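Now, the feature entries from TrEMBL:
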- Lys226: active site, proton acceptor (ACT_SITE)
- Gly30, Ser31, Gly32, Asn33, Trp34, Gly35, Phe118, Ala174, Arg290, Lys319, Gln321: NAD(+) binding site (BINDING)
- Lys141, Arg290, Asn291: substrate binding site (BINDING)
- 25-193: domain 'Glycerol-3-phosphate dehydrogenase NAD-dependent N-terminal' (DOMAIN)
- 215-362: domain 'Glycerol-3-phosphate dehydrogenase NAD-dependent C-terminal' (DOMAIN)
Amino acid sequence: MPLFLGGEQNHVKLNVIENQMKQEKIAVIGSGNWGSVSAKLVAENALSCPYYHDEVRMWVYEEILPSGEKLTDVINNTHENVKYLPNINLGLNVVADPELHNAVKDATMLIFVTPHQFVEGICKRLQGNVRHDAKAISLIKGMEVKKDGPCMISSLITEILGIECCVLMGANIANEIALEKFSEATIGYRDDKKAAEKWGELFSKSYFHVNIVNDVEGVELCGTLKNIVAIAAGLVDGLQMGNNTKAAIMRIGLREMRVFSKLIFPSVRDSTFFESCGVADVITTCLGGRNRKVAEAFARHDGQRSFDELEAELLQGQKLQGVSTAAEIFEVLKARKWEEQFPLFTTVHKIATGILPVNAVVKYSEHAPRMVVEAAAQYY
Ligand SMILES: NC(=O)c1ccc[n+]([C@@H]2O[C@H](COP(=O)([O-])OP(=O)(O)OC[C@H]3O[C@@H](n4cnc5c(N)ncnc54)[C@H](O)[C@@H]3O)[C@@H](O)[C@H]2O)c1
Ligand SMILES: O=P(O)(O)OC[C@H](O)CO
């Protein structure tokens, strides 16, 4: 809000001073369900903090709505993302921008929040077009697998853009946060603690509590791997196996998440799995997430309708991350001959691709505790 002490000249002068104080400019890259909620959240805080520009630019992958209008025009006219977050006011200071380079122009704080399969292409388009002193954070749950092994999305952003990248993950079903229901989240950082604290300040609200940990890989792997567990939980829901089976899947899944993470990055901390990004995200995603929902439908159709088809029908443009993540993790497991040590991850991938029947999720999970304990033995 402009400072105003009276008199037209003073008003102009104070506006100039105020704009000089506003050193930080925020851009949100992504505008899906979580992308829109995170833009709303940081835009509220930007308004109340003197060193942020009021305006938050949100890059929108442009599309034409059934009404014939452009999604960006509708967002800017109504302040609502009618496709990905209907009935929620994003705030007057969220500006939708279909031009990627324009959206990040002069931005000092870059928030990456697209489905993981699009981020590499986006970063390549941004190469040489972001400020060298910009800070980044990734809210993206997913990973890439390269020739030499797994590559976390935060590392991809750092490698392509040459800027350090924190991560924010947690038990964060976007629609609930949009309604300002209480949630927690975890920020992970590698070296730049100050940047992590700044991100913590920008995201914190009375209804959104953020904890900061020095374990970027642990936090990001939790957010990534829980989506495979959510697919398994949806399958047992579709098979109507009941709560005990689902709890068993969640426990086995959490164990595989921990063992896999520590095999890939020995620095990953056990304590991270007790943060919001760990056990809490496994619980919320297995109870109410989109991966769970589509996997339940897949099981009810006994695997006769594909995940792609069900995703399009049930999510209307929103994207699942669990099926592609299971395929990416399976590539790593196969290359390292670890399939047997990760029966849940392996089985989810084989069911999703039609190699195993849906009920294999229960059959193979029966063997899981022994195998995962064997794989985990080196950590006891
Ligand atoms: N929705 C949630 O509750 C939630 C919560 C926490 C984390 N996340 C994570 O946030 C990330 C983003 O998810 P979301 O929920 O904001 O998105 P979404 O699944 O709701 O929407 C999909 C988005 O992808 C865009 N898109 C489609 N094709 C594209 C292309 N070719 N290039 C670029 N963009 C394209 C669409 O325009 C849309 O904005 C994911 O990694 C997800 O796991 C989601
Ligand atoms: O709806 P999902 O399955 O993508 O999960 C959403 C969030 O990641 C839950 O924290």
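Each position is counted from 1, following the chain as shown.
From the backbone N, Cα and C atoms, a Cβ is placed for every residue, glycine too.
Under a cutoff of 8 A between CB atoms, and with a sequence separation of 6+ in the same chain, the neighbours of Arg290 (NAD(+) binding site) are Leu314, Leu315, Gln318, Leu320. Put simply, Lys141 (substrate binding site) is 9 Å from the residue listed as 'active site, proton acceptor' when counted between their Cα atoms. Lys141 (substrate binding site) sits 7 Å from Gln321 (NAD(+) binding site), counting Cα to Cα. Comparing the binding-site residues Trp34, Phe118 on other C-beta atoms within 10 angstroms of each C-beta gives the minimum for Phe118. Taking all protein chains in view, 25 other C-beta atoms sit within 10 angstroms of the C-beta of Gly30 (NAD(+) binding site). Looking only at other Cβ atoms within 10 Å, the busiest spot among the recorded positions Lys141, Lys226 turns out to be Lys226. Listed in sequence order, the residues Asn227, Ala230, Thr285, Gly289, Arg292, Leu320, Gln321, Gly322 complete the 8 Å Cβ shell around the substrate site centroid, once Lys141, Arg290, Asn291 themselves are left out. Between the C-alpha atoms of Gly32 (NAD(+) binding site) and Asn291 (substrate binding site), the distance comes to 15 Å. If you draw a 10 Å sphere around the CB of Gly32 (NAD(+) binding site), it holds 21 other CB atoms from the protein chains shown. Proximity to Asn291 (substrate binding site), defined by a C-alpha to C-alpha distance within 10 angstroms, is shown by the following binding-site residues from Gly30, Trp34, Phe118, Gln321: Gln321.
Selection of the binding-site residues Gly30, Phe118, Arg290, Asn291 by a Cβ distance under 6 Å from ligand 2 yields, in sequence order, Arg290, Asn291. DSSP classifies Gly32 (NAD(+) binding site) as coil under the three-state reduction. According to DSSP, Asn291 (substrate binding site) sits within a helical segment. When secondary structure is read from DSSP and collapsed to three states, Lys141 (substrate binding site) falls in the coil class. According to DSSP, the residue listed as 'active site, proton acceptor' is assigned to a helical segment.
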